[in-house]
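Q: So TrEMBL has the following annotated:
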- 118-243: domain 'CRAL-TRIO' (DOMAIN)
Amino acid sequence: MSMTEQLFKTYEKELTEFEDWVKDHPRLPNRFNKLLLLRFLKVYDFDIEAAKKLLILNLETRKKYPHIFHNRDLFSDEIQTAMSTLRCCTLPKNTKENHKITVFHLADPDPNNFSYVDIVRMILASLDTRLIYCDPNELIDGEISIVDVSGFSFRHFTKTISHIGTMKAYLSYAQEAAPIKIIQTHFINCPPIINKLIAIIKPFMTKEVWESLKVHSTLESLYEHVSPDLLPIELGGTACSFDEIYKLTKAGIESQRDYVLCDDNWKILD
């Protein structure tokens, strides 16, 4: 028996009840990925009623904001450019509290290649794929994001805030409808304009997420929250090379192209 099968067996009772409810619900797709359903259950410590409400909210939120959840071909020019502009890298080691770390790096600082809407679409597509293929043998207890915004300029700022509705939609989904727990968000290598951006998005953040947000003037202050032995070499860590892990992360995301393209996976009926 594989470790994934053992995980399914451990939570067989809760998972079966959840699956049966999904199959019988007239508004929902007949079938969901088992691992994804476990993620929904895990968010609320296997409170099945809470997981049901979260799943409905997830699908309704997707329906409410189709411009960031549809037409997400991972090999389209728009998504590939977004991947090259803001590189997302899921680190191989979790924290001792069993929190998953994802690093976001503005790899291409050219504002001409920066499309905030496409980047949001790419991030959400990446999350969808990660929840069904990454770490299939474990259920993590939370998410830590490290956002490296070196090179973020005033033009990036204006191109971001011109899509304030998309920003609000993204934060609404990530904070309230996604099957994840946001533990901390760290901004590093910050130009002064980042403070203005954070001030703009503050009204859209929950109290808990706002209080978990950290802006660091040095990497040393980041290390007070995230141990260097978990971080890539490029951030002063010892765990891995960012470029190597990014290639693996990108390949894993792209391997789920058909899954992301199938809107029926998340269709909820009126």
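Each residue, glycine too, has its Cβ placed from N, Cα and C.
Quantities reported herein were computed from a predicted structural model and do not represent experimental measurements.
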Q: For the domain 'CRAL-TRIO' (118-243), what is the mean per-residue pLDDT, to the nearest integer?
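A: PLDDT averaged over the stretch: 96.
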Q: Which residue counts does DSSP yield for the domain 'CRAL-TRIO' (118-243) in the helix, strand and coil classes, in that order?
A: 69 helix, 19 strand, 38 coil
